[in-house]
Amino acid sequence: MSEYHESEIENLRREYIGGKLCSKDLPSDPLVLFTAWFEEAKQEEKIKDPSAVCVATVDGYGRPFQRTVLLKHYDEQSMVFYGNLKSRKALHLKENPYISLLFPWYALDRQVIFLGKAEPLPRDKVESYFASRPKDSQIAALVSHQSCTIASRQVLEEEFSKCQQQYQQSTVPVPDYWGGFCVCFDTVEFWQGRASRLHDRFLY
């Protein structure tokens, strides 16, 4: 196995100066701290997608997979995201509902991890959210064949354009292969980078 630019990678380092996290300042409810950090992430110009979260699932062989989705709702008990129900992540969750969500707010030297179990959202909530999306996003969901091989990018774009014309004056139907997941979490971990690699980490 070849080694590529090993010395350059080994020397990639910096000091973490984003702040600190003390046990005496921790609220009893982790969502209070998460909300405060989320609001700070929204204000940080270097964080373009504060709601972006890395979702980790495992397949039937125990192999982990990660991908980024956008958080669309959270409350005291759950996190919600939407997507294609024929995607790799959806198929994994059907077989094994346990999931990890990681918010990578590196510009603030922070990350938050939620561990829990994913459940399909009720269809009425899926339809309500779908109706709130921009029409082009609705059409993209309709023509998407996620995790499947397509003939070409051109074919996909032609199908998209065709649907734009078809639904120009009408409502885009919610595809039966599109839905959402509610992650009921039982563990939350907050990480704050500190100088000299003496990081703060607290587990709820």
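Glycine too: its Cβ is placed from the backbone N, Cα and C atoms.
For ARG13, ARG14, GLU15, TYR16, LYS72, TYR129, ARG133, SER137, ARG197, LEU198, HIS199, the entry in TrEMBL reads substrate binding site.
Across the domain 'Pyridoxamine 5'-phosphate oxidase N-terminal' (42-166), the model assigns an average pLDDT of 95. The annotation domain 'Pyridoxamine 5'-phosphate oxidase N-terminal' is assigned in TrEMBL to 42-166.
Sequence-distant neighbours of VAL69 (FMN binding site) (same chain, 6+ apart, CB under 8 A from its CB) are ALA52, VAL53, VAL55, PHE81, TYR82, GLY83, LYS89. The annotation FMN binding site is assigned in TrEMBL to ARG67, THR68, VAL69, LEU70, LEU71, LYS72, ARG88, LYS89, GLN111, GLN146, SER147, TRP191, ARG201.
Helix, strand and coil counts under DSSP for the domain 'Pyridoxine 5'-phosphate oxidase dimerisation C-terminal' (178-204) come to 3 helix, 19 strand, 5 coil. The domain 'Pyridoxine 5'-phosphate oxidase dimerisation C-terminal' annotation in TrEMBL covers 178-204.
Rounded to a whole number, the distance between the Cα atoms of ARG133 (substrate binding site) and ARG67 (FMN binding site) is 21 Å. Long-range neighbours of the domain 'Pyridoxine 5'-phosphate oxidase dimerisation C-terminal' (178-204) within the same chain, counting only residues 6 or more positions beyond its ends whose Cβ lies under 8 Å from a Cβ of the stretch, are 15-23, 26, 30, 33-34, 37, 72, 77-85, 90, 93, 99, 101, 109-121, 123, 125-126, 129-130, 141-142. For ARG13 (substrate binding site), no same-chain residue that is 6 or more apart in sequence has a Cβ closer than 8 Å to its Cβ. For ARG88 (FMN binding site), applying a Cβ distance below 8 Å and a minimum sequence separation of six or more within one chain yields THR57, ASP59, PHE65, ARG67, GLN146, SER147. Sequence-distant contacts of GLN111 (FMN binding site), defined as residues of its own chain at least six apart whose C-beta falls under 8 angstroms from its C-beta, comprise LEU102, PHE103, PRO104, TRP105, TRP191.
With DSSP states grouped into helix (H, G, I), strand (E, B) and coil, the domain 'Pyridoxamine 5'-phosphate oxidase N-terminal' (42-166) comes out at 46 helix, 42 strand, 37 coil.
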